[in-house]
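As recorded in Swiss-Prot, the features of this protein are as follows:
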type    : residues  : note
REPEAT  : 2-39      : repeat 'HEAT 1'
MOD_RES : Ala2      : N-acetylalanine
MOD_RES : Lys55     : N6-acetyllysine
REPEAT  : 171-208   : repeat 'HEAT 5'
REPEAT  : 248-282   : repeat 'HEAT 7'
REPEAT  : 289-366   : repeat 'HEAT 8'
REGION  : 315-343   : region 'Disordered'
MOD_RES : Ser335    : phosphoserine
REPEAT  : 424-467   : repeat 'HEAT 10'
REPEAT  : 471-510   : repeat 'HEAT 11'
REPEAT  : 515-552   : repeat 'HEAT 12'
MOD_RES : Ser558    : phosphoserine
REPEAT  : 688-725   : repeat 'HEAT 16'
REPEAT  : 729-768   : repeat 'HEAT 17'
MOD_RES : Lys971    : N6-acetyllysine
REPEAT  : 1002-1039 : repeat 'HEAT 24'
REPEAT  : 1043-1097 : repeat 'HEAT 25'
REPEAT  : 1140-1189 : repeat 'HEAT 27'
Amino acid sequence: MASASYHISNLLEKMTSSGKDFRFMATNDLMTELQKDSIKLDDDSERKVVKMILKLQEDKNGEVQNLAVKCLGPLVSKVKEYQVETIVDTLCTNMLSDKEQLRDISSIGLKTVIGELPPASSGSALAANVCKKITGRLTSAIAKQEDVSVQLEALDIMADMLSRQGGLLVNFHPSILTCLLPQLTSPRLAVRKRTIIALGHLVMSCGNIVFVGLIEHLLSELSKNDSMSTTRTYIQCIAAISRQAGHRIGEYLEKIIPLVVKFCNVDDDELREYCIQAFESFVRRCPKEVYPHVSTIINICLKYLTYDPNYNYDDEDEDENAMDADGGDDDDQGSDDEYSDDGDMSWKVRRAAAKCLDAVVSTRHEMLPEFYKTVSPALISRFKEREENVKADVFHAYLSLLKQTRPVQSWLCDPDAMEQGETPLTMLQSQVPNIVKALHKQMKEKSVKTRQCCFNMLTELVNVLPGALTQHIPVLVPGIIFSLNDESSSSNLKIDALSCLYVILCNHSPQVFHPHVQALVPPVVACVGDPFYKITSEALLVTQQLVKVIRPLDQPSSFDATPYIKDVFTCTIKRLKAADIDQDVKERAISCMGQIICNLGDNLGSDLPNTLQIFLERLKNEITRLTTVKALTLIAGSPLKIDLRPVLGEGVPILASFLRKNQRALKLGTLSALDILIKNYSDSLTAAMIDAVLDELPPLISESDMHVSQMAISFLTTLAKVYPSSLSKISGSILNELIGLVRSPLLQGGALSAMLDFFQALVVTGTNNLGYMDLLRMLTGPVYSQSTALTHKQSYYSIAKCVAALTRACPKEGPAVVGQFIQDVKNSRSTDSIRLLALLSLGEVGHHIDLSGQLELKSVILEAFSSPSEEVKSAASYALGSISVGNLPEYLPFVLQEITSQPKRQYLLLHSLKEIISSASVVGLKPYVENIWALLLKHCECAEEGTRNVVAECLGKLTLIDPETLLPRLKGYLISGSSYARSSVVTAVKFTISDHPQPIDPLLKNCIGDFLKTLEDPDLNVRRVALVTFNSAAHNKPSLIRDLLDTVLPHLYNETKVRKELIREVEMGPFKHTVDDGLDIRKAAFECMYTLLDSCLDRLDIFEFLNHVEDGLKDHYDIKMLTFLMLVRLSTLCPSAVLQRLDRLVEPLRATCTTKVKANSVKQEFEKQDELKRSAMRAVAALLTIPEAEKSPLMSEFQSQISSNPELAAIFESIQKDSSSTNLESMDTS
């Protein structure tokens, strides 16, 4: 430390040197010292350093001065508080100096100090004291109005300080406001402008009294309207406040908007611009409060969008009618540009109107149909706007409209799910001709910006409405070619033109382009040869799509591709051979050439083997291998049967080696390639090649990656069918892995289906030691030997399915095996595991093979219903149902008879019936529907809820068989006097809803409202199941309930409230325990709310929704967890609405995070509280992603509370790490 002090005193001495270079070097060295973490200054050194740095602010040399100012940053954090106050005092005094240079350098110094202070959320006393010291000096400097340059600097620093440390200055806010308000009438516009910026930062952190004072002042001054100049300033100020604190100004809009509307009618273009900008900020920042005024705002914007008093557009309109595909004469281009009037401000009004319409369109999704009636035609008519900047904003507004129209989810464009009448998509479709007509002329404008806007517009239009331009291609192609050929086109314009062409090619049928191929190929080929890699890359993508157009393989085509093959091939091969090109170009050249060979390979002659050799080289390169594998897969699957023999000998072993690489996408791609090669080129593959692949397979068959396993099993199935002799090699490790996977509880879905296909293909190959009985023993052996216990029930189901698959493939073996399984069930010495497997296997076999010849089967299964093991009973129930499907006339009457005569076994028998209804064919079941229906209705009033649920599921699935007859019958039971019956039929409806179109859907849509009326049922349980059914509809088929939301939501929200009358105390020994009978129904209501965010967001009043979310944040553990999830979703979906409610949301979150569990609580309580804290923190992290959320005083206070609490800080940090790693994963496209 002594040496550091000595070194610094040495530097201080040099700073007094008369040589400016010495002073400069010494100051620079001091800067370096101050930036070291290790430096510690004693009191004396601190005083001397501070004094010297302040003295150097007045140095004669500018460079020394600047360095001295930079030293202030690190110095502030290295010296004691009173020294920082000395620095600030001196800088404030110097800021008022007569010397301009000293004033300037002191202002920079103050900004540097403020920038270095710890943030308000850290709770630092230093920051608070320094800011208080500066504030007093600044307010007096601003209020004096003596020297404008001092005022401007002071306002600048004030704004900076309020934005960084506003929360610390709450006590000064009234005096800051008092000094700022008079500056709004300053004769200098620059002063007014900076005052508005400072006020914008003030409103983010000031208390309500100050905020109300400011708004009242602005409203009263606007009402007086003393001078046009100040009125303009006040309107700008209101817009700035709205932008910074929209959530606070909302309640004053009823007073503000009529004034702003009035000023729009004043003949002053600047004022009009500011008024419309204010509307834009209200629309974006106060969505709820502005709602009643949106129509007025739209009308004003539409009026001023065309406001161009000094220019006549009439001649152009006539021009527009003469639209032709050749584009006419280009000599008249740019005539608009010749018109100029420097005093004309009307373009600013038009631009403000376009931006405001953009804001309205982007934020009011529910008004889309209205926008297509009024806003869309108006914007289209303004594509001809003469002022380029305004035109760009008009285009941007229309792009926003298209983006809002893009179907977000499949149900929006699913014809079954469409609401009746005109939809935004059909309205847009009808306006496409007008859009194309308006764009046609713009596409040959000189302006690059305008043409880029046209391409963006066409791209978005085709993404929203694929096929929309089918009739208009002849008109648009010349415009695209114009930009591709234009020497003056910028690179970005060419890229946009190519990208637009690509999207159009992808979304229209090939025939549409055939008349234009001759015109399109040359410019695209020229772009492939462009020296700029981004243009080449985009052009290769277009070329690949053009290849599919000139020779489509999936439909008959009479188009002659021959004239274009040479050009397309030559330009692509040149790029394919080049070694030093960009990675993107390399990959796209490979993909494009793959497409050329796939579609045109029979025309390439001697070029084909040479090109395939290049592919072989690319296969050996780590960077290009995955793209090459995909290209080879495409070629191998071509119906042209391309000759791949020249490369298979070397290529297949390379592909085999990829299966051991630690790159998942490469493994999956390689398995696809090998599969198609085996299917289409089996005669060209040798046993050695196949063995090389088989050697690599065992590690791929594993439960750790089911998708890779599925692909590997599918490959083996193909091999068994095409190359059965190779399977003798799999009896070792591959088969062990397969059998191991069958026992995995994770084997289901696609992987299980692949496994069943494989066993069926394998058993018929007749391979040694892999016959029916061999495989059966391998599959079932462990269960019989009891050597390895199968812990998971799913494993027994998988083995049973495999046994059934083998038996279906070898039906002659069936009777003996079925007989054996029946004996296993009967045998008193059989373990439960053996019985379980035998019953499930009987069920799976009987599902596909009629077992009615097995006379004792019924009695054996019924006997198993009495087993002490629940799993065996359940398996017997499943087996009976599944066997019945194999022969309905034999077994179904028997099951119905048993349900009637065996009340004790009813529950299990109903499960058998459910299996029959779920799995049997509609035709087979039709004759029995009436009998089953009558039986089920007898049991729908059963007091046992489990039985009622099975009955309801049976009723629902039965209704799907004959909806016209049965749905009205279900509806009739809604008026039953039994609440059990009502709950059964409402639950039954849940089982008629699925996520794909069904014949019942239109009928269901007409009557689901009647079922949902049970949300008003007096019985709590009926209301709960109504919510569960509603949730299922909202999740799987939102179109059923979208139009009912206005009626349903009040009842839904009603069920989110805690009901005191449903809370009771239960005595358990010496303890009293509180039971809340309303918890389940509240949970169901909140689950519905969560679902609606995904499926019906545009139909929700988000502020009403948030009211109930707020209540949920204070509810029971389960409900808090749900509402925390909702906050995370809402932060992304409607950030501006959440921002308005932020202060009300923070408190319950803080309460959750700071709750302490009693020391004597059980471990489960601690775990629950920990999970609650983590979920609450996730919600906080999501809220903080909303722009400007951290500016809320309550939120920043909560943040500082989190950072000062080690436990909370650790949780918060880990959550932020998790979310950032998740984002990275989602960006990883491999």
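Cβ atoms here come from the backbone N, Cα and C positions, even for glycine.
If you draw a 10 Å sphere around the CB of Lys971 (N6-acetyllysine), it holds 15 other CB atoms from the protein chains shown. The DSSP breakdown of the repeat 'HEAT 7' (248-282) into helical (H, G, I), extended (E, B) and coil residues amounts to 31 helix, 0 strand, 4 coil. For the repeat 'HEAT 27' (1140-1189), residue counts in helix, strand and coil come to 36 helix, 0 strand, 14 coil, using DSSP. You'll find the Cα of Lys971 (N6-acetyllysine) roughly 90 Å from the Cα of Lys55 (N6-acetyllysine).
Beyond the ends of the repeat 'HEAT 7' (248-282), by six or more residues, the same chain brings 203, 211, 215, 219, 222-223, 225, 228, 231-232, 235-236, 238-242, 288-290, 293, 296-297, 300-301, 304, 345-346, 348-349, 351-353, 355-356, 359, 1140 to within a C-beta distance below 8 angstroms of the stretch. Here the modified residues are Lys55, Ser558, and the one with the most other Cβ atoms within 10 Å of its Cβ is Lys55. Mapped onto three states, the DSSP output places Lys55 (N6-acetyllysine) in helix.
Rounded to a whole number, the distance between the Cα atoms of Lys55 (N6-acetyllysine) and Ser558 (phosphoserine) is 88 Å. For the repeat 'HEAT 12' (515-552), the number of residues in each DSSP class (helix H, G, I; strand E, B; coil) is 32 helix, 0 strand, 6 coil.
Reduced to three states, the DSSP call for Lys971 (N6-acetyllysine) is helix. Under 8 Å from some Cβ of the repeat 'HEAT 1' (2-39) lie the Cβ atoms of residues 45, 48-49, 52-53, 56, 59-61, 63-64, 67-68, 70-71, 74-75, 78, all in the same chain and six or more residues away from its ends.
Per-class residue totals from DSSP over the repeat 'HEAT 5' (171-208), listed helix then strand then coil: 30 helix, 0 strand, 8 coil. Under the three-state DSSP scheme, Ser558 (phosphoserine) falls in the coil class.
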